[in-house]
Ligand SMILES: NC(=O)C1=CN([C@@H]2O[C@H](COP(=O)(O)OP(=O)(O)OC[C@H]3O[C@@H](n4cnc5c(N)ncnc54)[C@H](OP(=O)(O)O)[C@@H]3O)[C@@H](O)[C@H]2O)C=CC1
Ligand SMILES: O=C(CO)[C@H](O)[C@H](O)COP(=O)(O)O
């Protein structure tokens, strides 16, 4: 099979994401070259969906590159890490100066920076592009976070805007910034995704054990929440999962037969690792990553069961999957107000998680000189991606009004919304502690909120301790400079600068 150069764009890597992305591109009228390491996937795509557009199948990397018009645009959609390097190593020698190579996978932004430099030396434009929306989004319109040079974006931008989902006439794709900026923002997106899911899971856990309601009844609660401030894709699919029955025994809730150990591919962990380097407290994302790790610590969990007691005075909780009204720690008469408290706690904690994520985007942008516009990120996350949510429009507005907003939490709308729910939030955290139902996302978000708003923090004592054991010095509230106490002598103070 020898291809003449007719294809406007190529996609290599035709698994879940690449296959649907290629279909999306072809459906928009682009002649699309398709290639996969294992050729059967290429044949399957063209055999099943060839009628949707003009595909140019290629059996080898050489045929694939030869089928593209010059300068070439190629999107790589393979497993992140070593597989991406392997594909780049195979393609790069076949490319020419001016060609554009796009990595649409979930790459670590540091890898993207490294690859961009290496390929730039060969005259190839490398663009790291974050794509979110899963299988369905890739086909019907994802949210796209393109990084890379202005030059690459000039050619790539219109294609990505065509295939991205549209919200209120605006495509959910915009140039994020140079080199690793797109993958950095995608990484933080996924970190927020972790935090959001953890908070939803905590809300479910508290409601389930607090009220003793069935998952099906709780699905109704989440459905009702989805018509208010919490409206989002994740709340919508929570209702779907809770409503689902076990396919092999439909009267049993699916959620009760799924092993309670959350897995992870790594983007949440990368977010936290990077946040530690940047010094940005993304406690909501960190709690979510650690909660997944704890859930997966099967041996320790087994060892602790029946050994570590819980609170003695808590009434018996209905068996998971038991009858409605089997009993929880909340009095039946208080059920409605408990549901409303949990909703308020979820919303406030979610605002904190997003505020922390946006802080991290700003910190990364400053560190790497990317010039990322946070409001533009909120705009492209309004549709297509996993964290799409009604309140992202509010976040967009907040940054439009004040681009240098110090924290989303001090925007008047969000400050008011969180203040309105804070008493309920505190009640829920107290209740979780008293009942022994862990809610690390809710409680750490509340601790962050209190840490942010208090005039004086406990860190003054930490500084005093550091000065005592290590002469690390401290600053004073009443005059500039660094100071140290002669702790082993006469307790006199000396000034260092
Ligand atoms: N699945 C999702 O919901 C999302 C995934 N992503 C990201 O998109 C990318 C693609 O994801 P997905 O479609 O799920 O596929 P996978 O991450 O499961 O990767 C499978 C693809 O990678 C190819 N591949 C693996 N190793 C190599 C190699 N050494 N050389 C060449 N090709 C290789 C496979 O080829 P072969 O068929 O020959 O094995 C196949 O095409 C990933 O980076 C993922 O993180 C982003 C957003 C959402
Ligand atoms: O990128 C995504 C969505 O935007 C994926 O859904 C994400 O990679 C899932 O991550 P994990 O398996 O770690 O939960």
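Note that Cβ sites are derived from N, Cα and C of the backbone, with glycine treated the same way.
Binding of substrate is annotated in TrEMBL for 106, 132, 133, 134, 189, 190, 194, 265, 466, 472; the matching candidate from 72, 292, 301 at the same site is 292.
Residue 194 (substrate binding site) sits 12 Å from residue 186 (active site, proton acceptor), taking the Cα positions as reference.
In this structure, the C-alpha atom of residue 13 (NADP(+) binding site) lies 23 angstrom from that of residue 189 (substrate binding site). Candidate binding-site residues: 13, 17, 133. Those with a Cβ under 6 Å from ligand 1, in sequence order, are 13, 17. All protein chains shown were included, and the count of other CB atoms within 10 Å of the CB of residue 193 (active site, proton donor) stands at 23.
Taking 133, 186, 189, 193, 292 as the recorded positions under consideration, the smallest Cα distance to residue 36 (NADP(+) binding site) is found for 133. Residue 186 (active site, proton acceptor) is 15 Å away from residue 79 (NADP(+) binding site) when you measure Cα to Cα.
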